[in-house]
Ligand SMILES: Nc1nc2c(c(=O)[nH]1)N[C@H]1C(S)=C(S)[C@@H](COP(=O)(O)O)O[C@H]1N2
Ligand SMILES: [Mo]
């Protein structure tokens, strides 16, 4: 348990540390003759931050062109994070805890054939195959903000369809109150699932959940692509969730199972550190993480990672007008 929390602490804290302090720490280690690579966990994490945009070998682009119709739920005024940063700076612990690990290690991840199952408290359970993902629903483009709990953010042009469309097709019964999601479990393909060290101490498969009304909200997206192409494996191919008003960890990748249930489902980061990561995980600049402020964020745009501008974090990540009603009367300090 302690090791688990340490992995997340180091990852998040190094990310939330101002550039100057961060460099000072690196220099101190250097003077002591300690190379970052010699430190088991911190070494991996810190090296990842610096290497993400280094001389990464070009990987073959498996992505196919994908078009999406425009949507009134998109934010076309946002300045986009460059595509190469969305592709190279990732959290996908199944492939390792460094930001650069998913891009480096997920290139041969098999996403076709793929099956995603929807079941539980529904009248019409069904399974979608790989091609169904792109054919059965109308694909839209949604430019959304993404705010990671580690206090960095991106603006991403997703392609996908509302989760509500899928849930409606399954016809939930009146006892369905929550939706549970599960990522593929395949340690042969996902080195982080085969090794507790590489995988950050998480008990896989990665699981997430939403209240049914959150899942049915028109902003909640099942994404199958970004920047005009199908998803890269490191972004959660072939299908991942995107809930733009919640911290990034709610947006579970490479989903194989969606289950309607009457009980609040367990969620990976809440299991790991319940006092730090709640079920709701709504972006909230007034409720700090126990170990760092959530009032501002490092926006990843053009240029160097550390020259990225800091900007204030918005309530519900800028989607307050659309989603605040879902939480009326709830104490958001307790329901973090
Ligand atoms: N299965 C799975 N889903 C995941 C994660 C993960 O480690 N495993 N990381 C989450 C976190 S913390 C974030 S911030 C986003 C990052 O998505 P991106 O790499 O596509 O930007 O994915 C989320 N979904
Ligand atoms: Mo995150």
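For all residues, glycine too, the Cβ spot is worked out from N, Cα and C.
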- TrEMBL has 90, 93, 94, 148, 235, 240, 251, 252, 253 down as binding Mo-molybdopterin; which of 173, 183, 313 does it also list for that site? 183
- By a simple count, how many Cβ atoms lie within 10 Å of the Cβ of residue 94 (Mo-molybdopterin binding site), its own Cβ left out? 30
- Query: Which three-state DSSP class does residue 183 (Mo-molybdopterin binding site) fall into?
  - Reply: strand
